[in-house]
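Engineer: I have a structure here, written as structure tokens, and I will follow up with some questions on it.
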């Protein structure tokens with residue numbers, strides 16, 4: 001009964017935000033070339049595989065499950081086939097994953113902090129996105145973006161990033177859809193109650209931006225993508241700001257919150 005009440009309230013919230021929402025990431029609209037200056041594309045020997053967020057000239061935040069033994073990061077990218085004059089490529093110098101992470105659980109502390117081998121220079125298509133100053137609230141309008149699949153079942157990867165607006169949902173919605181989502185995991189639940197808008201395969205590690213603040217990291221979701229009862233699950237960035245700042249300051253022994 002409680003869940004039915006939650007879903008009813010969220011549907012009302014969703015309808016109130018409908019006019020603010022763009023088209024779908026899945027089957028939807030190309031991002032404006034100037035709205036993702038902080039978006040990082042991860043490539044390895046097989047090609048593009050994850051996204052990330054530039055938070056200052058030397059540091060990138062992504063998902064822990066995007067870790068790979070051999071990868072590069074490209075910034076200033078829009079089309080993967082058309083070179084921007086200010087694109088920059090970097091290698092990871094150091095990688096930080098929560099030392100108290102349970103490696104058998106992808107949803108547990110799914111965050112990775114990367115120090116670049118060389119600072120990034122701000123340019124027309126490159127600029128960092130600051131860490132959040134406050135936590136997000138349920139009902140917030142959130143922006144998702146990435147080069148992930150734009151079709152929900154058979155993966156179709158675009159050359160350009162796609163964007164959409166979704167809403168931050170009550171955590172109970174995701175707990176109902178994902179029995180494996182434990183209450184202690186520091187995650188956010190975001191999507192559309194009636195389905196159809198979602199991040200998908202290849203969007204992992206990219207940002208969830210709520211009311212202009214970097215609040216989440218694409219972590220986990222259902223297949224096919226875009227199912228209303230199973231919204232996307234995002235690592236809650238605000239809960240890790242202290243850990244991020246301590247590592248940037250040189251305290252590499254810092255532990256993440258439990």
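Note: Cβ is positioned from N, Cα and C throughout, glycine not excepted.
In case it helps, Swiss-Prot gives these features for our protein:
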| type | residues | note |
| --- | --- | --- |
| SIGNAL | 1-18 | signal peptide |
| DOMAIN | 25-249 | domain 'Peptidase S1' |
| DISULFID | 31-163 | disulfide bond |
| CARBOHYD | 44 | N-linked glycosylation site |
| DISULFID | 50-66 | disulfide bond |
| ACT_SITE | 65 | active site, charge relay system |
| DISULFID | 98-256 | disulfide bond |
| ACT_SITE | 110 | active site, charge relay system |
| DISULFID | 142-210 | disulfide bond |
| DISULFID | 174-189 | disulfide bond |
| DISULFID | 200-225 | disulfide bond |
| ACT_SITE | 204 | active site, charge relay system |
Engineer: Rounded to the nearest Å, what's the C-alpha distance separating residue 65 (active site, charge relay system) and residue 31 (disulfide bond)? Just drop the number here, would you?
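Structural biologist: Residue 65 (active site, charge relay system) and residue 31 (disulfide bond) have their Cα atoms 25 Å apart.
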Engineer: Fewest other C-beta atoms within 10 angstroms of its own C-beta: which of the recorded positions 44, 204 fits that?
Structural biologist: 44
Engineer: When you measure from the Cβ of residue 225 (disulfide bond), how many other Cβ atoms are you left with inside 10 Å?
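Structural biologist: For residue 225 (disulfide bond), the 10 Å Cβ neighbour count is 27.
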Engineer: For each of 163, 189, 200, count the other CB atoms within 10 A of its CB; which of these disulfide-bonded residues has the top count?
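Structural biologist: The largest 10 Å Cβ neighbour count belongs to 200.
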Engineer: As a test of reading the model: what is the averaged pLDDT for the domain 'Peptidase S1' (25-249)?
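Structural biologist: Averaged over the domain 'Peptidase S1' (25-249), the predicted model reaches a pLDDT of 95.
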Engineer: Round to the nearest Å and give the CA-to-CA distance linking the residue listed as 'N-linked glycosylation site' with residue 50 (disulfide bond).
Structural biologist: 10
Engineer: Three-state secondary structure of residue 44 (N-linked glycosylation site) from DSSP?
Structural biologist: strand
Engineer: Which one is it, among the recorded positions 98, 163, 174, 204, that lies nearest to residue 142 (disulfide bond) by Cα separation?
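Structural biologist: Among 98, 163, 174, 204, 163.
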Engineer: In the structure shown, which of the disulfide-bonded residues 31, 50, 174, 210, 256 has the fewest Cβ neighbours within 10 Å?
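Structural biologist: Checked 31, 50, 174, 210, 256; of these disulfide-bonded residues, fewest Cβ neighbours within 10 Å: 256.
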Engineer: I need the nearest neighbour of residue 66 (disulfide bond) among the disulfide-bonded residues 31, 200, 210, 256, using C-alpha distances.
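Structural biologist: Of the disulfide-bonded residues 31, 200, 210, 256, 200 has its Cα closest to that of residue 66 (disulfide bond).
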